[in-house]
Amino acid sequence: MADALTLFTSIGLSEQKAKETLKNEALSSALKDAIVQAQRVHGPSGVDKAMGTLLYSMASRLRDTKRLAFLSDHIAQRKICTELQLAAALDFVKSHPQDPMNQKEFEDACGVGVVITPEQIEDAVESVIKKHKEQLLKERYRFNMGLLMGEARTALKWADGKIIKNEVDMQVLHLLGPKTEADLEKKPKVTPHSEMNNEGKSLMEQLRGEALKFHKPGENYKTEGYVVTPNTMNLLKKHLEITGGQIRTRFPPEPNGILHIGHAKAINFNFGYAKVQVSISPLLPTVEFVSLSTFKRIVSHWGHAYVCHQKGEELKGHNVPPSPWRDRPVEESLILFERMKKGLYAEGEATLRMKMVMEDGKMDPVAYRIKYTPHHRTGDEWCIYPTYDYTHCLCDSIENITHSLCTKEFQARRSSYFWLCNALDVYCPVQWEYGRLNLTYTVVSKRKIIKLVETGIVRDWDDPRLFTLTALRRRGFPAEAINNFCARVGVTVAQVTMEPHLLEACVRDVLNETAPRAMAVLEPLKVTITNLPENAKSDVRVPDFPANEAKGSHVVPFTRTIFIEQSDFREVMEKGYKRLTPEQPVGLRHAGYVIFVQRVIKDSQGKVVALEVTCCSSTETAEKPKAFIHWVSQPLKCEVRLYERLFLHRNPEDPSEVPGGFLSDINPNSLQVISSAFVDSSVKGAKVFDKFQFERVGYFSLDPDSTADKLVFNRTVTLKEDPGKI
C-alpha cells in the first residue's frame with residue numbers, strides 16, 4: 001500500500017486523494033497500470049502533474065479497460081494534452097468497442113496535432129461578436145455571454161477555453177465599455193410560475209434539446225456503463241433490421257397500484273419521446289414463452305441462478321450474508337424450481353435467485369417468488385410470479401425497446417438489467433433514469449392511500465382530494481392540463497417536487513378556454529323584484545365564452561324571483577364593499593338591470609332570509625353601479641362539493657414536519673358539502689365529467705354521483721390562485 005501511495009502522490013495527487021483512490025480497488029488498479037505505461041515513455045520521474053491529472057481522469061472514467069494502455073500511451077506521448085481531447089478520446093473508444101481501431105480516425109476525432117493560434121482565436125471571437133452586435137448593444141451586460149463562448153468554441157473546437165474566455169471578455173469590454181450602474185442593477189424578480197423552468201416549451205422541444213443525451217437507435221454501446229459482449233454487435237444489427245432505426249420506448253408505467261400524477265409524467269415522457277409506440281398485445285404469447293423457458297437456460301446452461309430458502313426478512317438491508325444454497329447443483333435447482341411451480345412450497349419458503357451483485361451492492365436479486373394469489377388473466381393456473389428485476393429487461397428486449405425510461409430509484413437495477421440480457425445472450429436495450437415527480441401536500445404511496453380509505457378519511461381511490469389520476473379526473477382536471485404540467489415540469493435527472501398551485505394554474509389555463517360559463521349560487525338569498533308583475537318572465541341570452549361570443553350562448557329565464565349569493569349583500573355598508581347594500585345598488589350580470597333594496601326580511605333570530613328590491617334598466621340609471629353580480633332564476637337544485645388540500649403540511653410524510661405521522665395531519669376542512677345550491681337550468685343536460693365555469697365562483701365538473709333528480713358538482717379549482725396557498 002505504501003508503494004502505491006508513493007506512486008499516486010508522485011503524479012501530483014494529494015495524500016488524501018491518493019488514500020481515497022486506494023479504497024477503490026478497480027480505480028486503483030487502472031491508475032497503477034496507466035502510470036506504469038506512462039513511465040515506460042518518460043521514466044519513473046517523468047510524469048508531471050498535468051499528465052498525472054489526465055491519467056487519473058482517464059482511469060476514473062474509462063469503462064473498457066482493454067483500451068487503458070492505448071489511451072495511456074497517447075497521454076504519455078503528449079498527443080492528448082487537454083481535458084477536451086481526453087473527453088473526445090473516451091467518446092471515441094466507447095463508440096468503437098470492436099478491434100481493430102483505426103488510429104488515424106481516432107487521432108482526427110481527438111484533435112491530435114491540431115494547433116490553434118492566438119490570431120485564429122481573435123478572429124473567431126470577433127466574428128461571433130459581430131453576429132450578435134445589435135443584441136449586445138441593446139442588452140449590454142445582461143446578454144448571455146455563454147452564447148458567445150459556445151459559438152466561439154464550436155468554431156475552434158480544440159482551442160483552450162480560458163484563452164477564448166479572456167478574448168471574449170476583452171472584446172466585449174472594448175465594444176460596451178465598463179459596466180454602468182444600470183448594468184449592475186439586479187434583474188427583476190421572477191413570477192411564481194417561473195418555478196417551472198421549461199414553461200412555453202413542449203415536451204418534444206425539451207427532449208430535442210440539452211436535457212438528456214440519449215444514444216441513437218443501434219448505438220446502445222455508446223451509453224455509459226453498457227456492457228459489450230462478443231455477440232453485442234450482431235444482436236444490435238438484428239435489432240435495427242427489426243425496428244428500421246425507429247425509437248421505441250416502454251409502454252409506461254408498470255405501477256403496483258393505481259396511477260397517480262407521477263405516472264402521468266412517465267406516460268408523457270415515454271409517449272413524447274417515441275412518436276410510435278409498440279403494442280404489447282401481439283407480443284404476449286412470446287413473453288409467456290420466454291418467461292417460462294429462460295430460467296432453464298440461465299440455470300442449466302450457465303448455472304447463473306439457484307433456488308434459495310432464505311426468508312424475506314433475512315434478505316432485507318445491506319451486507320446480507322451470501323445464501324448457503326448459492327452453490328447447490330444445477331440439477332437440484334431445476335427440480336426444486338419445478339416443485340415451486342407445482343405449488344409444493346408455501347409462500348416465502350423458496351425463491352429463484354440470480355447470481356450477480358447489483359450496483360448498490362445488494363447480492364443475488366430474486367427472479368421468481370411464490371404467491372398464492374389469483375391472477376386477473378390466468379386465475380389460479382400459476383403460483384410463481386417473476387419479479388421486476390427479471391421481467392423488466394426481458395420484456396424490453398423482446399419488444400426491441402431502444403430507450404427504457406424509468407425513474408431514478410431504479411438506477412441500481414441497471415446492473416441487473418444489463419447482466420441478465422447478456423447472460424441470456426439476447427438484445428440488450430439501455431435503461432435511462434430521470435427524476436420522478438412529487439407534489440407537496442399529498443401522498444401517492446399505495447399503502448398510505450389504502451390507510452386513508454380504510455380509516456374513512458377519503459371515500460376511495462378516486463376521492464378528488466387525492467392525486468391519483470382517477471381522482472384528478474373525478475375532480476375535473478382535464479388531461480390536457482396534466483400533460484401541459486408535465487411538459488412545464490420538464491425532463492431532468494433530479495427529483496422534482498412541485499406545489500399543487502402550479503398544476504392548478506395549468507388547469508385554469510385549459511378550462512378558461514374550454515369550460516362554458518353558467519351561473520350558480522352556492523348560498524342562496526331570495527330576492528323579489530316588486531316592480532315586476534307576478535307572472536313576469538323573459539329570456540336572457542348568456543354567452544358560453546364572454547371573451548369570444550362566436551363560440552355560442554345559452555338562454556336562462558329571468559323572473560320576478562331571483563336568487564343571489566348571501567355574500568353579495570350586506571345590511572351595513574363597509575368601506576371598499578362594492579356590492580348590494582340598502583344604500584348601494586348593484587347590477588345583474590347579463591340581465592341589463594340594476595336592483596335597489598326596498599326591504600330586508602329577517603327570521604326570528606335576526607338573520608337576513610330575503611330581500612325585496614326594485615329594478616330599472618341599466619341604461620336608465622344616472623350612475624353606473626360599482627359591481628355586477630351573478631344570479632339564478634327558476635334554478636335547478638344541486639349539491640356542490642368544495643375541496644381544499646387534504647393535508648395541513650407541505651410534507652405530511654416527513655417526521656420532522658409531522659411527528660405524529662401523515663394520518664395525524666389531515667385538514668379537517670378539506671371537504672365542504674353544500675347540499676342546497678342552485679344552478680341555472682342551462683346545465684340540465686350535462687353528462688358526467690362535463691366541465692363549467694360558474695361565473696364569479698370557480699370551475700366545476702359533474703360528479704358520477706349525479707342523478708336525474710339531483711346534480712352533483714365538484715369544484716375543480718377556484719377562478720384565481722389563493723395567495724395564501726403559495
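For all residues, glycine too, the Cβ spot is worked out from N, Cα and C.
TrEMBL annotations: computationally assigned, not manually curated.
Features reported for this protein in TrEMBL:
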{"type": "DOMAIN", "residues": "3-161", "note": "domain 'Glutaminyl-tRNA synthetase class Ib non-specific RNA-binding'"}
{"type": "DOMAIN", "residues": "164-237", "note": "domain 'Glutaminyl-tRNA synthetase class Ib non-specific RNA-binding'"}
{"type": "DOMAIN", "residues": "246-276", "note": "domain 'Glutamyl/glutaminyl-tRNA synthetase class Ib catalytic'"}
{"type": "DOMAIN", "residues": "302-512", "note": "domain 'Glutamyl/glutaminyl-tRNA synthetase class Ib catalytic'"}
{"type": "DOMAIN", "residues": "515-614", "note": "domain 'Glutamyl/glutaminyl-tRNA synthetase class Ib anti-codon binding'"}
{"type": "DOMAIN", "residues": "628-703", "note": "domain 'tRNA synthetases class I (E and Q) anti-codon binding'"}
Contact check, the domain 'tRNA synthetases class I (E and Q) anti-codon binding' (628-703) vs the domain 'Glutamyl/glutaminyl-tRNA synthetase class Ib catalytic' (302-512), 3+ Cβ pairs under 8 Å, seq sep 6+: yes
Secondary structure composition of the domain 'tRNA synthetases class I (E and Q) anti-codon binding' (628-703) [DSSP: H/G/I, E/B, coil]: 7 helix, 31 strand, 38 coil
For the domain 'Glutaminyl-tRNA synthetase class Ib non-specific RNA-binding' (164-237), mean pLDDT (0 to 100): 74
